[in-house]
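Step one of this worksheet: look at the structure below.
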């Protein structure tokens, strides 16, 4: 892909620089939010360029007043660059030598100053991106714990993490991706903890991205890095919580922050990273472990409850002591398999409708769903009672899944298992389940086995998955990320 502008050096002739900026940015009605100010500083002609919507206008006014103030002073034979830097002590000032670099920095919220007779420009950081205040993510709420969350501002997001990791070895590497969008992407890691090979691989994949823009932010980055194809299971963990991101950084993971995205990516991850929730670590160890087991049971029910019930009922494998689980009648207007498929489509349609329904109408939508899809559908003979019951339990188990991406993947697996059990009975269910496990065992995420610590088996890792360990006993970092520093506690605690 070719860039739209030819790289050119800043000229000492300010008129030539003005012509170049006009050609690139097309000032006037075609670019109303790009500002230009002509002033004299210490007797020198200057041009100040900025983007109205991305700079802090109050600081810009103060800066212009400061320019006018020291320009009126009786100073001769002084270095203009030096004087500007000395008078702008609260702003970051850097020099640029290329017109294109000056334009790129201006479009990120900096102001650019060209001075007649100087072949170098000045960039002053006055960025102020429109956005919202940090607030708790809707899908990762906790009863106890911090109520802040990532926003669409990459600077605020990196600050929320750095506030929790005040370590000089914490690195935030910034780069721009997209020939046109030039989206800021930040690679975060702990220098003495994260595996250098992992960092090198991710950095290489980021630098290899050559596309016009990534308006979908982190999801586009994920597709370029992992090349997931048609695999429905999430290979990265998204989180909107700074405490979750900081915890994974301390374990040796890498975090990618993308500007305009209210969530960050955690790499690498396994399947079991997507079933963890911050609430487990905000409670005492026993309560946290209990919450984790309840969540595991809910996730298993969301995948296997409906196909297992369909298998037992249609193949007459249901023991007599389990007759109470239904169905209460044997004559159906619609086969059970079709009923379950209709119910799955109906629930997913209701979910989509709830997303697009204004908050003021959500209560009405809930009443309509409860009356029409529930009671009236049963009375009309479209569904038997058990179909609504078990489909609802499976849906609740899906909502209990912390990862929305994993919830959608489990829904796809559930539908496949329902079809296998309904069409091919016991052999179909067993073969589909076996193929499902074999497939996941072959999935690798940045050379990380997706089913670790189950496959390959790691007893310590599996224990940490099943039991929520207390922090004082969590001495060793997870081996799956191959950290440089394996220990989280001081040397005196390594023998514990």
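In case you wondered, yes, glycine gets a Cβ from its N, Cα and C as well.
Sequence-distant contacts of the transmembrane segment (293-312) (same chain, six or more residues past either end, CB-CB distance under 8 Å): 275, 277, 318, 322, 325, 336-337, 340, 386, 390-391, 393-398, 400-402, 407, 410-411, 413-414, 417-418, 420-422, 425-426, 429, 466. Positions annotated as transmembrane segment by TrEMBL: 293-312 (among others).
Positions annotated as transmembrane segment by TrEMBL: 332-354 (among others). Tertiary neighbourhood of the transmembrane segment (332-354): same-chain residues 306, 310, 313-314, 362, 365, 369, 373, 381-384, 387-388, 391-392, 395, 411, 414-415, 418-419, 422-423, selected by CB-CB distance under 8 Å and a gap of 6+ residues from either end.
As annotated by TrEMBL, transmembrane segment applies to 361-381 (among others).
Sequence-distant contacts of the transmembrane segment (387-404), counting only residues of its own chain at least 6 positions beyond either end whose CB sits under 8 Å from a CB of the stretch, comprise 139-140, 234, 237-238, 274-277, 294-295, 297-303, 305-306, 309, 326, 336, 339-340, 343-344, 347, 373-374, 377-378, 410-411, 414. If you look up TrEMBL, you'll see 387-404 (among others) marked as transmembrane segment.
The transmembrane segment annotation in TrEMBL covers 416-438 (among others). Non-local neighbours of the transmembrane segment (416-438) in the same chain are 303-304, 306-308, 310-311, 314-315, 317, 335-337, 340-341, 344, 451; each lies 6+ residues outside the stretch with a CB under 8 Å from one of its CB atoms.
If you look up TrEMBL, you'll see 450-467 (among others) marked as transmembrane segment.
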